[in-house]
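> Relevant sequence annotations retrieved from Swiss-Prot are reproduced here:
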TRANSMEM  14-34  transmembrane segment
TRANSMEM  56-76  transmembrane segment
TRANSMEM  89-109  transmembrane segment
TRANSMEM  113-133  transmembrane segment
TRANSMEM  144-164  transmembrane segment
TRANSMEM  171-191  transmembrane segment
TRANSMEM  219-239  transmembrane segment
TRANSMEM  254-274  transmembrane segment
TRANSMEM  288-308  transmembrane segment
TRANSMEM  376-396  transmembrane segment
Amino acid sequence: MAPAPKLINWKRNLFVAWLGCFLTGAAFSLIMPFLPLYVETLGVTGHQALNMWSGLVFSITFLFSAIASPFWGGLADRRGRKLMLLRSALGMSIVMLLMGMAQNIWQFLALRAVLGLLGGFIPNANALIATQVPRNRSGWALGTLSTGGVSGALIGPLIGGLLADQYGLRPVFYITAGVLLTCFVLTLLYVKEQFTPVQKKDMLHARQVFAALKSPKLILSLFVTTMIIQIATGSIAPILTLYVRDLAGDIHNLAFVSGLIASVPGVAALMSAPRLGKLGDRIGPERILVFMLIVSVLLLIPMAFVQTPWQLGVLRFLLGAADGALLPAVQTLLIYNCTNQVAGRIFSYNQSFRDIGNVSGPLMGAAVSASYGFRAVFCVTALVVLFNAVYSWWCLQRRPTRMREDTLQEE
């Protein structure tokens, strides 16, 4: 018989998982500043072709991740989450190494697709911690864990740009592979999991997974919420620099100001996520989720009417503070309303919806701005988030009032 789960030092696992998410977030964002430049070195010429290929190599990773996530989630429920962390870190390390050796754009595109197939360190880390931490500490733990990937993604572009200037483009891929290999070694040595493998014949099928849930409709609504959160975040990304230029006029440090305004939401999320997660443990993650969605709407609307970049920067900082609570609240509600037996698949389905949002958001933002202008993007995004707030509130109201208390008592 497996040892009692209480023997797991979940706080140490949380620390190592946070470090792994930080390294993974940094590794992925290391290459982002010069991705179009690398595409150009692979033989792509012309403004239109460069834009098309840059968009393809960026989005194909998310598309293939959305396809592969449910498979890896099922394997996590059968073989354990630590194995999935190791598989993801090592697989991504090898692919990053090969990316640095790519000789043409087709090889690079194929490797970006494989990267999506083999990814998933952060969602698997979320599933591992969510199934180990005491339920009454879930909000704080998942909020804290979310800061790992965010902080890595914030520092990655800065370091990646410096490394590319110093050593060239290809060596950055080799350095990134080394970072991911470090993540693999740390996970192998220090993450502990007590998991009894499940035979394939004993596994629940996808339909049975949802039938076994306390509230399948609620879980589906949380998936949709995750997708809309990513759509709202991504819709602004394609037009942000151009919007800042419209607000600022001809300034010599446009790239710096745009980068600063792009990064302030992440800084705010770092500060707010653990605190709001802890508050959610006290008052309920459902209240945090709905309230912060409404706050996001109230911050998005005035962004359409700002007159200076600094006004936009302040509003985006406040928006980041609100957004920092959203995904941890969703993940906490997911673990409240599913069993450990199916947690891997539930989190993987959620990751698929997140990837769909990552692809759809920039497309929506680009389409709206092309037709109606930059300011309309913020209004349309606010409407989408408002729908999400109302939809989430409605679904959470239909949940049995004792559901959360019953889930807590199971621990």
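Cβ coordinates are placed from backbone N, Cα and C, and glycine is handled just like the others.
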> So what's near the transmembrane segment (219-239) in sequence-distant terms, Cβ-Cβ under 8 Å and 6+ beyond its ends?
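That would be 210, 213, 262, 289, 296, 300, 323, 326-327, 330, 333-334, 337-338, 346, 349-350, 353-354, 356-358, 360-362, 364-366, 368-369, 374, 377-378, 380-381, 384-385, 387-388, 391-392, 395-396.
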> Which stretch, 14-34, 113-133, 254-274, 288-308, tops the Cβ pairs under 8 Å count with the transmembrane segment (144-164)?
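Per the Cβ under 8 Å count, 14-34.
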> I'm a bit unsure how to read this: which one of 89-109, 113-133, 254-274, 288-308, 376-396 has the highest number of Cβ pairs shorter than 8 Å with the transmembrane segment (14-34)?
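Stretch with maximum Cβ contacts: 113-133.
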> Using Cβ atoms and a strict cutoff of less than 8 Å, what residues sit near the transmembrane segment (89-109) while being 6 or more residues removed from its termini?
20, 24, 27, 31, 38-39, 42-44, 53, 56-57, 60, 115, 118-119, 121, 170-174, 176-178, 180-181, 183-184, 187
